[in-house]
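Got a structure for you, questions after.
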Amino acid sequence: MVAFGKKLKERQIQEWQGYYINYKVMKKKVKEYADQIQAGALNQRYVLKDFSRMLDKEIEKVVLFLLEQQGVFASQISQLNEQQDSLQEQPDISKVTELREAYRNVGRDLLKLLFFVEINAIGLRKILKKFDKRFGYKFTDYYVKTRANHPYSQLQQVFNNVGLGAVVGAISRNLADLQDREGSYLSIYDQPALPLQDPVVDSMEAAIDRLSYSTNFLNFSVQRSLIMLEELPTPVEEHVDDQRYHFMSLLLNLANTFLYMINTYIVVPTADDYSISLGAAATVCGIVIGAMAVAQVFSSVYFSAWSNRSYFRPLVFSSIVLFVGNVMYALAYDLKSIPVLLIGRIFCGLGSARAVNRRYISDCVPLRIRMQASAGFVSASALGMACGPALAGLLQTNFKIYKLTFNQDTLPGWVMAFAWLIYLIWLWISFREPAQEKDEVNNVPQKSNAAENDALERGVVQPLLLKSVGDEQDNEGDQEGDGSEEAQEESRRPANSIVEAYRLLTPSVKVQLLIYFMLKYAMEVLLSESSVVTTYYFSWSTSTVAIFLACLGLTVLPVNILVGSYISNIFEDRQILLASEIMVCLGILLSFQVIIPYSVPQYVCSGLLMFVSAEVLEGVNLSLLSRVMSSRLSRGTYNGGLLSTEAGTIARVIADVTITLAGYLGQSKLLNITLLPSLLICITSIFATCRTYNSLY
């Protein structure tokens, strides 16, 4: 990655060069402000007012040019429409073809304008972040709120797609009309029932859609997956992405994620019955469920390191280990062995290849579809979480084949072993190992017109107002004139160890990880002990528990859509964060069994409140975490995704151990004892959040 200032200059459209935000001048101005304030020559109030005036002028320059270009497009389309009307009286196939190409040229010019909006928005967001970092003041919040909400807001014009949408609609309609009439001139058989849409229209619609709020859910999902999106990639990087990408390989990675989440949660409804059938206490289910998470603490590290060299081999290894682990889990029933049961679950955890799945999307999927792929990663995880308990509820049978028992306890192991065997065969036949990045970069030709056109067709990826601002660890490489090339390279070098990665964490990032730890702990307690608690208090069957857990899992996607598309547009992320923490705390409090008899409505309502609030909290928390994480943690083995995964996995391990230990005090005390640590950690995270954001804002 090169410095943003240099990248911005390289990607500018030359004939529009004077209309871009002058990022370099504003960056120098910020440095001058800092020096003058330190010398006592300026006060902060003057700096805020002067810098606001400078930003207003820069944005006005962009907006006026944007309006001017929209007028040019309107004039061109009006002239083309007149030519099209004349063709109705005197049809001419050659002129129809010329007219269609003229409309396409207008569409290509519109794509250039959308790209112009994109890089100006990125430049504006980055200079605001730099200002906040330099002065320790959240100027961005003030500036965006005052400018965006004003009735004469020019800031909103940068992201206002009404005029641009009208241009897209006019081009799309006329191209479709010309395509239909061209067919009728040639032959009735040339008129397709469903005419194909022109590729330039697809590109424009994708770009204009990214400018609208309809992509908020995708942005939200991307940040939740902790798959970092690069801004303004070079043509070389885009070409390498296209060569490394293979759709079936991406589908196999998403299938791996889906199956692994099923494998994690399919045993939850029956783990207590399985433990009892092997002569252990029902609360040993905590260890049975948690054994997989214990192994995942280690597997995440070596799979992350392995993905630096290969994607195919770790996925094959993962499938084999999971197949063996599930067979051992199923055989433990006939062997009457708790150790075999636990070893089987440990093997399943050792096969966790989520780090490989996440890394494949980050490294091999082209930027233009990486957002959709990342949303697919989150969706596959959510669906797997819901399908696991639901599948367990369907496996209510009991029969024997020779000496092997197939019942509700063992069938989850046999079914998943068969699923991983089928997946392994599919993987072996269909997966294509991406070429090594270094070799491809050396073989990539110089910038071509096709590469430039592909870059223009990507559209606007990250609108300013959907982004969190004030990145406290702004290692984006903006060091033109501020240091040597060695210093720039150092700022982009990935962490080489867990210790080094931890040192890169700022106080706010540590708070985000604490919140992630808390919510994973609370959710694991709720899910893992559900079968024991509901059997003790309500005498629920395995099918009833499975239905309850499946219904909880099915809330994940609707909640994400609601937060990503609506709530995040109304409230600030930090407000949603704090409100969600308070709601999780309330859900925990309502879950306690006090003097009155414990009832099904109390358990279901409190559990649903806790789970849904935790899901909202997880999405917003990871969204914030992906923005405040150091750029050095966006790649390499010890990346931000690995750190968050480890924090969540350790939380699950501790929660499952707590359930097992609390079981020694009796099932009547299990619920309250396991909820107490959840409550204490939740209250701690709320105080840490308030303290951190009060110091920042």
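A Cβ is built for glycine as well, from the same backbone N, Cα and C atoms used for every other residue.
Owing to the predicted nature of the structure, the values given are computational and were not obtained by experimental measurement.
Take a look at what TrEMBL says about it:
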- 471-488: compositional bias 'Acidic residues' (COMPBIAS)
- 2-145: domain 'SPX' (DOMAIN)
- 471-494: region 'Disordered' (REGION)
- 250-268: transmembrane segment (TRANSMEM)
- 274-303: transmembrane segment (TRANSMEM)
- 315-332: transmembrane segment (TRANSMEM)
- 338-356: transmembrane segment (TRANSMEM)
- 377-399: transmembrane segment (TRANSMEM)
- 411-429: transmembrane segment (TRANSMEM)
- 513-538: transmembrane segment (TRANSMEM)
- 544-564: transmembrane segment (TRANSMEM)
- 576-596: transmembrane segment (TRANSMEM)
- 608-625: transmembrane segment (TRANSMEM)
- 670-688: transmembrane segment (TRANSMEM)
Looking only at residues six or more beyond either end of the transmembrane segment (250-268), which have a C-beta under 8 A from one in the stretch?
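For the transmembrane segment (250-268), the list is 274, 288-289, 292, 311, 315, 318-319, 322, 326, 329, 345, 348, 351-354, 356-357, 360-361, 364-365, 373, 376-377, 380-385, 387-389, 391-392, 412, 415-416, 419-420, 423, 426-427, 430-431, 527-528, 530-531, 545, 549, 553.
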For the transmembrane segment (513-538), what are the same-chain contacts with Cβ under 8 Å, counting residues 6+ beyond its ends?
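Residues 265, 268-273, 282-283, 285-286, 289-290, 293, 505, 544-545, 548-549, 552, 577, 581, 584, 588, 591, 593, 598, 600, 603, 607, 610-611, 614, 617-618, 621-622, 625, 643-644, 647-652, 654-656, 658-659, 663, 667-668, 670-671, 674-675, 677-678, 681-682, 684-685, 688-689 contact the transmembrane segment (513-538) from elsewhere in the chain.
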State, in range form, which of 274-303, 315-332, 377-399, 544-564, 576-596 has the highest count of Cβ pairs under 8 Å to the transmembrane segment (338-356).
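Selected stretch: 274-303, with the most Cβ pairs under 8 Å.
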At a C-beta cut-off of under 8 Å, are there same-chain residues at least 6 beyond the transmembrane segment (608-625) that contact it? List them, or none.
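Sequence-distant neighbours of the transmembrane segment (608-625): 220, 223-226, 468, 509, 512-513, 515-516, 519, 522-523, 526, 552, 555-556, 559-560, 563-564, 567-568, 573-574, 576-577, 580-581, 583-584, 586-588, 590-591, 640, 644.
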Give me the stretch from 315-332, 377-399, 544-564 with the greatest number of Cβ pairs under 8 Å to the transmembrane segment (411-429).
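Ranking 315-332, 377-399, 544-564 by Cβ pairs under 8 Å to the transmembrane segment (411-429) puts 315-332 first.
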Counting only residues 6+ away from its ends, which parts of the chain sit with a Cβ under 8 Å from the transmembrane segment (315-332)?
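For the transmembrane segment (315-332), the list is 252-253, 256, 259-260, 263, 267, 274, 278, 303, 338, 340-341, 343-353, 356, 404, 410-414, 416-417, 420-421, 423-424, 427-428, 431.
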